[in-house]
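Pasting a structure below so you can have a look.
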Amino acid sequence: MAALGSSSQNVTEYVVRVPKNTAKRYNIMAFNAADKVNFATWNQARLERDLSNKKIYQEEEMPESGAGSEFNRKLREEARRKKYGIVLKEFRPEDQPWLLRVNGKSGRKFKGIKKGGVTENTAYYIFTQCADGAFEAFPVQNWYNFTPLARHRTLTAEEAEEEWERRNKVLNHFSIMQQRRLKDQDQDEDEEEKEKRSRKKPSELRIHDLEDDLEMSSDASDASGEEGSRASKAKKKAPVTKAGRKKKKKKGSDDEAFEDSDDGDFEGQEVDYMSDGSSSSPDEAEGKPKVPQQEDGPKGVDEQSESSEESEEEKPPEEDKEEEEEKKAPTPQEKKRRKDSSDDSDSSEESDIDSETSSALFMAKKKTPPKRERKPSGGSSKGTSRPGTPSAEAASTSSTLRAAASKLEQGKRTSETPAAKRLRMDTGPQSLSGKSTPSSGDVQVTEDAVRRYLTRKPMTTKDLLKKFQTKKTGLSSEQTVNVLAQILKRLNPERKMIGDKMHFSLKE
């Protein structure tokens, strides 16, 4: 208790007076300690309001009456603000920042920004001691934080944008140089890898892409594609060629006794001649379409190409036999025919083809006179009906020779033979679409199909091979690749690199 009494004796009491009505308003100026502000060094100080934002709060001055005025503009403007909830802030000079200049123009500058919300939940007072020892407390109205202003000149918006662009250029330049260095390093590494590969043994396993194989096969097909296909097809069709040779021997034996033969000697061998697909009948030469047999199966693209190649291989021995027979018994009609064919061959390639077909037809008529007998009996098909009585034209070989020679002289044969060729080419797909049509899912690798796919959109070789699958075409993968390579060479499509892959396309 004594301690408490002694402590209470040491307490000093002060009188604090709070004035009710004060004309003065007190504000606090807060400086950052890092700015190292020393009031003792201040010889001169000037404080003023920054009223530069007054233009922002100002409204456009419009005349209320007279020229350029609007009727009830203020009312309509207020209605618009209420509609959109726009609240205008009044320009209050008390809320504007302070500008403090110390020691004239050469001194420092500070800008004091009002700190809001300081006096909302707290009350600050400034105590001043009077002469009688009492304190007067004055409430703080506002709080301002003063920060020093930069002395150097700042950039405008346009200048800052220009500097930013220059900075981007500099950074881009550095990045470009860095990319070049990286590229050079990559090239050096690639060269080193190539040298290492060249030093390695050549007997290494190499995996090729399907597109590379197709391009390689298309390049090699010029020299060895046809020979390889002929060799493989000759192996497959070995029994067929043997049968063809037997038929040729039979024909040769028949031709030897042709001069002494009578009208009915060839009736037993008619079926052999009618079943022969390589020789062209007079019905085809005269333009009548050939009715397919029911026994014939559906022919694919490879079978058609094989039959055409076999017919090309069979042509030279037939021509040799024709030359031997012409040497034995040359007639004036044949001499005239030879002259016409030689003139046509000198004129153009088409006339060569026409003369060859006409000579082949001519010799076919010479060899098989009973075929003329089948025309009046209505046996245009390869059917089994026997011929009726022989016509007057088939009485002797001289009549057929004269008729053929007269047709050659008139020039009808030259116009009919290309039509017969077209009929033979056209009847092939017709026979496929007729009795011996393949199933609806079968697909043939044709030039029209490839052209149709390439005109739609650019495709790679993989896409084309997917379109022509082995299950649908009936061909092996090697045959499909070879056929596609030949078709692409003929079409010669445009080549584009899309995503590191070669794409082929055609324009309509």
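Each position is counted from 1, following the chain as shown.
Using the three backbone atoms N, Cα and C, a Cβ is placed for every residue, glycine included.
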By the record in Swiss-Prot, which of Ser311, Ser348, Ser385 is the one labelled phosphoserine?
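The residue tagged phosphoserine by Swiss-Prot is Ser385.
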Which residue does Swiss-Prot record as phosphoserine, given the choices Ser279, Ser345, Ser351, Ser433?
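That would be Ser433, per the phosphoserine annotation in Swiss-Prot.
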For the set Ser221, Ser261, Ser415, say which residue Swiss-Prot annotates with phosphoserine.
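Swiss-Prot annotates phosphoserine at Ser221; the rest carry no such entry.
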From the list Thr389, Thr417, pick out the residue that Swiss-Prot labels phosphothreonine.
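Cross-referencing Thr389, Thr417 with Swiss-Prot, phosphothreonine lands on Thr389.
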